[in-house]
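Before any comments, here is the structure.
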């Protein structure tokens, strides 16, 4: 505590305007204002106050005059009190509260809530503030907590400094004006009001809003504390004017009784002669004991009616204000000393106590000498100057025959009476505590009974609902599992079939490319043979012409000779014909020999093709196994990566094919050059054909070796994936067993709330899995669309190539037929070449027909796959809708469960509220230098100067 100082109570007088009833009644406006401090009622005497506020005064002006300075004093460590006094309907509640959320019409209390924080944010940044508020009312002379309506009869106690306080009152820590306003709104909703003839919203109780501010300097550790009482008194009433009856009349009696007790306290303090001030006559005066004549800066706002109808009450109120103005309060700063200061004070008091003990001992020795009849010389007598220089004497006991000092009788009686009075007051406080505890216990037990009944009924209903919902969800879960299994199986089949078809398409494309290469080679050979054939035809035509000319000449000669010789011409013609027939027979024999060789080559090529088909079938089987393994792998890998890999592989294949095409074109050019060089002999061509067949066999062996290596790698990968599938299946079985155990435990346990939470979590996990499966399905659908587009493009290009190939073949066949018709009797070499080309054409037509059949098979398979894809899409949509419904049901169940848990928590909190009336709360420290954050409920310790803010949590008990 700092050194005390004396100050008087400030009294402000406020007159309200005439209300509608007074204007309609024609009441006269009686006050006359003389300056800012004097008012005269009618023709009476003047009343002087610290400030007189006329009816046109705004709420802000009232606040600046009455409360602004007190806020600064409280933040400097003083106690403060502001209360409004006056008759009913005189504007007390309007002055103290006003319209809470209207910036123009809000009263003193909400303005103080904002002004406190404005002052704090402009103060030194090293200060840290803890602000807590409480709100209670005195109704029927019982203290009722407005923040906890279950506390209906609280007791008033005194702390170690004999300062009264309300025991058990709810205290809320606040850190922003919004939180203070929330507390005010909550408390105001619980306050007692009633309708009377003079006021539609008449307060039926005295309300007290207490703000407790503690501040600490984090550098110097200096601690200050201040309390601010904001009191809205209920107005005094005349029953003849208010028309109160029944419960309202009882309330009016208690209001007038407590206000008369307040008047008695003011009168006793104003006279200054009475030794006893009746603070204990009412609980309101007991709470305001420190505000009236104690350690507090107090401002009283007396509210008056200007109507002549209320002239007597107005004069009584003004007299009350004049008496209160004479009261003196002794105020001091509430300074909490630090440990070092306490230590210094203790040492100082210890030294003082030591010197006083020495003085007492010397005085007792001197007194003992006087009582024994010994005269003590003046130089040995102890004076006030010598007290500090005394040495401690021996601890000699005081003699027993010292006569006790008898005090005055009046002092003993006074002390005795004071002790009796204090003991009676203590008994009274104990009885109040006991009554309060019993009443709270009774209400608590009643509430517990109601809560238990309601809780039991609700838990039964909820248990039945939860059981029904659980069975329904189990059925839906099983159905969903079956559908998911079917969808997965269908997707697996679809993926396997698609991979097979894609592999077949790739094989066909490769075969097609090979055939196109062979076709290009054959076309080149065909063009060369056609050129040779044209040259031979020209030569044969020239020879025919010469032969015909020679024959004609010979025939002429023979005819001339035949005229002379009769039959020789026929013989010569027969001989000529015979020679021609021999040549034709030789050519036919040579052609038949070539045909037999070509047939043997065709049979050998067919055998090679059958072997290649077998290897292709084996390769397809291994590729199907590989596709199945890749399907299992693709379920665990991202489709995007696989697509990018696939595109890269396709790009590499395209580049390889382009490179191979370039190399083949180069080889083709070389072969053309070789063919031009080796056109002389047909045997060289046969050798080249044999070398090509050997190269084909070597390529086939290399392909078989490559496929064998691929097959081994695929087999290893398949075994590894099967092991992973077995492990996953074991994990699934373990999870299923765990789920069954949890379900069995759920049927046995009495409380189902935690189990429902676990089931909700499992349901969410399943939903997430289904969502992942759905995402994978969507990715697979997109991949399938992309592959379908690529397949369709490849098929289109193949179809176009087929058309071009057929057209080219038809044109060439027509040309060859025309050439055959033109040249029926060519040479044997020409016929051999023609037969060779015919055989090649037959092989090419067979290959083309096979490609057409494969294309038709693929087109037949395509609608089946599309149909299966549509079915899977519909099934997935149905699963999505079922999943959505299950999710919505789960959300509804969770909300209902959360509401039930909140209701149970509220019931338990209401049951245990009385038990933990003084339990620990989290304080919200405030530091100057910053305005509060956007969230009003956030716990912030704010430093000034734009520094960083750090969260700080303090626990107060």
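Glycine is no exception: its Cβ is also placed from the backbone N, Cα and C atoms.
Since we're looking at a predicted model, the values are computed, not measured.
When the ranges 770-816, 911-957 are checked against Swiss-Prot, the one recorded as region 'Disordered' is 911-957. For the recorded site, residue 92 (ATP binding site), the DSSP three-state label reads helix. Listed binding-site residues: 92, 94, 99. The one with the lowest count of other Cβ atoms within 10 Å of its Cβ is 99. If you take every residue in the domain 'Kinesin motor' (8-327) and average the pLDDT, you get 86.
Taking Cβ-Cβ distances under 8 Å and a sequence separation of 6 or more, the neighbours of residue 90 (ATP binding site) in its chain are 16, 235, 303, 304, 305, 310, 317. Look at residue 99 (ATP binding site): DSSP puts it in coil.
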